[in-house]
Amino acid sequence: MARGLPSTARLAHFCQKLNRLKTLEEPTMEKSLRRHLTTLELTLLGVGATVGVGLYVLMGTVAQEMAGPAVIVSFSVAAVASLLAALCYVEFEARVPCTDSPYLCTYVSMGELWAFLVGWIVLLQCLISGAAMARSWSHNLDAIFSHNIRSFTEAHVGIWQVPFLAQYPDFLAAVIILVASGYVSSGVRISSWVNHTFSAISLVIILFIIILGFVLARPHNWSAEEGGFAPFGFTGIMTGAAICFYAFVGFGAIAASSVEARNPKRAVLKATAISLVLVAGTYILVSTVLTLMVPWHSLDPYWALADAFHQRGYSWAGFIVAAGSICAINTVLLNIFLFLQRMVCAMAADGLLFQVFAHVHPRTQVPVVGIMVLGVLMAFLALLLDFKALVHFLSIGTLLECTVLPTSIIIIRFRKAPSGSQDPDSPEGTEQASPEPGQLRSALRPYLRFLGGCRPRAAVAWALGVLVGSAITLDCVLVFGDSALNLPPWGYTLLLLLSSATFLLSLLVLGAHQQQRRQDTFQVPMVPLTPALSILLNVFLMLHLSYLTWLGLSICLLLGWTLGPALAENTGLTELDMSWNHLQGPGGMAFARGLE
C-alpha cells in the first residue's frame, strides 16, 4: 500500500467512529449539581431567558420589514413550532437530565459527527445572539441619552458603507459583553440572583407597556391606508415566523437547568408549558400594542418599543421602556453565558473542543478560559457586524437544531432501551416478555408480510430517512412550487400528492413498529406523528428564510468542517494517520475521545 494511505481496517475503524454513540449510562459532569430549583424558579428562568429576545430584538425588525401588524400571526405560528420542539426537549430531559440538551440528544441518537455539527451550530448561535443582544442594549442606552453616543462615534470614527458591517463600530456593545463574561466567571450563584432581579423588573415593564399601549392604541394603524394588517402577505408572515422562532428559545434554558431541579420529571414539563404560554401571550399582546400605537412602517427596529412611545409624545415612557429593555437584555446575556459554560465543558470533556476549555476554576467552578475566549469573539461580532445581519442569522441555526431533535426522539423511541433504564415499576420478567422496540407489531404481521422479513429496526431506519426526505420535498413544493420551480398546474399537483403520500406512508410504516413504553418518565404523545409534524413545520419555516441566511449557515458549517483537523491534533488523535487531514472534518477530531 502506498505510504501515507490508511489500511482498509483503519478506514473501517474511522468510519465506525463516525457513528459512535454516547450511551445513556455514561455519567455527565452535571449530575453532581445540587437539586434546588422549583417549578416557579424554572418558569422564571425560562421567561427571563426568552422574553427579552422577542420584545427588544426581533419584534421591531419583523413588524417593520416582514409582517407588519401580522407579526401577531408570526409569533403564534412560531409558538406552535416551539411547543412541538419543546415536547421533544422535555422527553429527552426526562430520560437524561443534562445541561447541553441539543448536543447530547444528537450524541446519544445519531453519533459524534452530528453531535459536533449541532454543538458547533449552538455555539455560533450563542455568539451571534449575544452580539445582537449587546447591540440592542447599546441602542436602547443611546436612546436614553438622545443618541449622543452614536453621534460622538460617527463624528470621531466615521460611517462605514460596507455590507454586513455596522455603520459605525459599537464599542459600548463590545464592552457590555466583556463585562458580562467577566461577571459570569465570578460564579453561578451571583449570576442567578441577578437573573431573578432583572426578570422581575422586566415583567413590571412589560405590564406597563401593555396597559399604556392599549390606552394609546389607534385602530386606524391597521387600516388599508397604512398598508393593511398583512402588507407582505402569507410569505411575509411565514418569514416573520421563522425569525420569531428564536424568540422562544427559553425552553432550552429550562432544559439546561433540569439537572438542578428538585423534581425534574414533573417540574421541567410544567415550567416549559407555563413559560411558553406566558411568553406567547406576552408577545401577542405587546406586538398588538406596538402596531396599534404607531404605523408599522414608521418603527425603528433597533429600539421599536421605546421609539413608539417617543413618536406618540410620551418620551418619559420611552425612557422607562428603554431602561426595562436593558434589564431584560442583561438577563438574556447572563443566560447565554451560563448556557455557554455548560456547553463548552460538555463538548471539551467529550474531546470535541480544545481540552483547555474543560478546565474549571477551583473556586468559582466556571470554565474561565472558554468563557473569556468566547466572550472576546462575541464582543468582536458586536463591535463590527450590523444589527439586522445578526438578527437574520439567528433563527436558521435554532430551527436546524430543533429539526434534529424530533428526529433523535424517533430514533430513540424505536431503539432498544439500554440495560438498567427500564421502568422500575414494571414487574420482573416484563422486559423479556414485551416485544423489542423496532420490531413489527405482531397484530400487523399478517397484513405487512413484506416488512416482516426485514432485519430488526432496518425498516424503521429506511422509513425515517424517507420521512425526512419527503418532508423536505413537500415543503419545497409548497414554498417554491409556484415561483422558483415554474411547474405547470398538473406537475405541481402531482408532486404535491406524491410527496404527501410518501410522507404519510412513512408515518404509517413507523407507527406499525413497536416503541419503547416507559411509565417513569414523560414521553411525547402520538409518536411518530408529533415529531414528524415538528420536522415538517421547522423545515417549512427554514425555507422562508433568505438566501443570505442560508449562505451564512453554510459558511458556519464550512468553518466547523475546516476546524476539525486542528481540534483532532489538539485532543490527541494519533491512531489515524494525519495524512487523512485532507478529509477536512470533525471526523478527525470528533472521535479522538475513545480512540485507544
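Our numbering is plain: 1 for the first residue shown, then up by one each step along the chain.
Every residue, even glycine, has its Cβ placed from backbone N, Cα and C.
A TrEMBL annotation is a machine prediction, not a hand-curated record.
Values in this document were obtained by computation on a predicted structure and should not be read as measured data.
Marked as compositional bias 'Polar residues' by TrEMBL: 419-433.
Same-chain residues lying 6 or more positions outside the domain 'Cationic amino acid transporter C-terminal' (522-561) and placing a CB less than 8 Å from one of its CB atoms are 77-78, 80-81, 84-85, 87-88, 90-91, 94, 116-117, 120-121, 124, 235, 238-239, 241-243, 245, 265, 268-269, 392-393, 395-397, 399-400, 402-403, 405-407, 409-410, 413, 467-468, 471-472, 474-476, 478-480, 503, 507, 510-511, 515, 584-586. What TrEMBL lists as domain 'Cationic amino acid transporter C-terminal' is 522-561.
For 418-438, the entry in TrEMBL reads region 'Disordered'.
Here the transmembrane segment (39-59) has Cβ contacts under 8 Å with residues 71, 75, 129, 132-133, 136, 140, 195-196, 198-199, 202-203, 206, 243-244, 246-254, 257-258, 261, 266-268, 270-272, 274-276, 278-279, 282-283, 286-287, 290, 303-305, 325, 328-329, 331-332, 335, 391, 394 of the same chain, all six or more residues outside its ends. Sequence annotations record features per position, and here TrEMBL assigns transmembrane segment to 39-59 (among others).
As annotated by TrEMBL, transmembrane segment applies to 71-92 (among others). Within the chain carrying the transmembrane segment (71-92), a Cβ under 8 angstroms from the stretch's Cβ atoms is held by residues 54, 59, 62-63, 101, 104-105, 230, 237-238, 240-245, 247-248, 251-252, 255, 268-269, 272-273, 276, 279-280, 283-284, 287-288, 291, 296, 402, 405-406, 408-409, 412, 521-525, 530-531, 533-534, 537-538, 541, all 6 or more beyond its ends.
What TrEMBL lists as transmembrane segment is 113-134 (among others).
Sequence annotations record features per position, and here TrEMBL assigns transmembrane segment to 171-190 (among others).
Away from its own ends, the transmembrane segment (197-217) comes close to residues 44-45, 47-48, 51-52, 55, 282, 285-286, 289-290, 292-293, 305, 308-309, 312, 314, 317, 320-321, 323-325, 327-328, 330-331, 334 of its chain (Cβ-Cβ under 8 Å, at least six residues beyond either end). Look at TrEMBL and you will find 197-217 (among others) tagged as transmembrane segment.
For 229-256 (among others), the entry in TrEMBL reads transmembrane segment.
Residues or ranges marked as transmembrane segment by TrEMBL: 268-294 (among others).
Residues annotated as transmembrane segment in TrEMBL: 314-340 (among others). Long-range contacts of the transmembrane segment (314-340) within the same chain, counting only residues at least 6 positions beyond its ends with a Cβ under 8 Å from a Cβ of the stretch, are 45, 48-49, 51-53, 55-57, 99, 123, 126, 129-130, 133-134, 136-137, 140-141, 143-144, 176-177, 180-181, 183-184, 188, 191, 194-195, 198-199, 201-202, 204-206, 208-209, 212, 216, 252-253, 256, 303, 305-308, 370-371, 374-375.
Panel annotation: around the transmembrane segment (366-385), residues 123, 126-128, 130-132, 134-135, 138, 164-166, 169-171, 173-175, 177-178, 180-182, 184-188, 337, 340-341, 344-345, 348, 353, 356-360 of the same chain, lying at least six beyond its termini, place a Cβ under 8 Å from a Cβ of the stretch. Sequence annotations record features per position, and here TrEMBL assigns transmembrane segment to 366-385 (among others).
Marked as transmembrane segment by TrEMBL: 391-412 (among others). With a cut-off of 8 Å between Cβ atoms, the residues of this chain six or more beyond the transmembrane segment (391-412) that come close are 57-58, 61, 81-82, 84-85, 88-89, 91-92, 95, 102, 105-106, 108-110, 114, 118, 121-122, 124-125, 128-129, 132, 242-246, 249, 464, 467-468, 510, 516, 524, 527-528, 530-532, 534-535, 538-539, 541-542, 545-546, 548-550, 552-553, 556.
Away from its own ends, the transmembrane segment (459-480) comes close to residues 407, 410-411, 414, 438, 440, 451, 492, 495-496, 499-500, 502-503, 505-507, 509-510, 513, 528, 532, 535-536, 539-540, 543-544 of its chain (Cβ-Cβ under 8 Å, at least six residues beyond either end). The transmembrane segment annotation in TrEMBL covers 459-480 (among others).
The transmembrane segment feature in TrEMBL is assigned to 492-510 (among others). Remote same-chain residues near the transmembrane segment (492-510) are listed as 410, 414, 451, 459-460, 463-464, 466-467, 469-471, 473-474, 477-478, 481-482, 485, 528-529, 532, 536 (criterion: CB distance under 8 Å, separation of at least six residues from the stretch ends).
Sequence-distant contacts of the transmembrane segment (171-190), counting only residues of its own chain at least 6 positions beyond either end whose CB sits under 8 Å from a CB of the stretch, comprise 130-131, 134-135, 137-138, 141-142, 149, 153, 330, 333-334, 337-338, 341, 361, 363-366, 368, 371-372, 374-376, 378-380, 382-383. Across the domain 'Cationic amino acid transporter C-terminal' (522-561), mean pLDDT in this model comes to 87.
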